[in-house]
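Engineer: The structure follows.
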Amino acid sequence: MPTIAQLIRNKRAPKVKKTKSPALLFTYNSLHKKTTKNPSPLKSGVCTRVGTMTPKKPNSALRKYAKVRLSNGFEVLAYIPGEGHNLQEHSVVVIRGGRVKDLPGVRYHIVRGAGDASGVEKRRQQRSLYGAKRPKKEASK
């Protein structure tokens, strides 16, 4: 426990919280070639690679991911949620924060239904997460 004199001499330093999605914190000014801190919830980017990855130890699957070059110059790995996708190299996508626990290095999710990423077909529940439109009502008899 510090004494009062020690606290006067040297104040308590606030704890610095480290962000879990650092690529969303910055924007790039191409006119001045400078990166500035300007956090945003979403960022757009272009897919440079689309592929599958196997998850960590207890799980087994082929998870779809894309390597995305963001508008601020960062290059990140983003998970493609839902069943089936239409993404390929040079597709324009929007990413949000949110890691995938069993994929190392994947800290972002691609937003379905935004940019070139289409919504999930035949999705009935939790549609907003997957960019699926509301199904048309069938004619009642």
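Using N, Cα and C of the backbone, Cβ positions are placed for all residues, glycine too.
For reference, Swiss-Prot lists these features for the protein:
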MOD_RES   Asp102  3-methylthioaspartic acid
REGION    115-141  region 'Disordered'
Engineer: So how many other Cβ atoms are close to the residue listed as '3-methylthioaspartic acid', meaning within 10 Å of its Cβ?
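Structural biologist: Excluding its own Cβ, the number within 10 Å is 16.
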Engineer: Are there residues at least 6 beyond the ends of the region 'Disordered' (115-141) whose Cβ is under 8 Å from a Cβ of it, and what are they?
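Structural biologist: Distant contacts of the region 'Disordered' (115-141): 44, 80-87, 91-94.
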Engineer: Quick one: DSSP breakdown of the region 'Disordered' (115-141) into helix, strand and coil?
Structural biologist: 4 helix, 0 strand, 23 coil
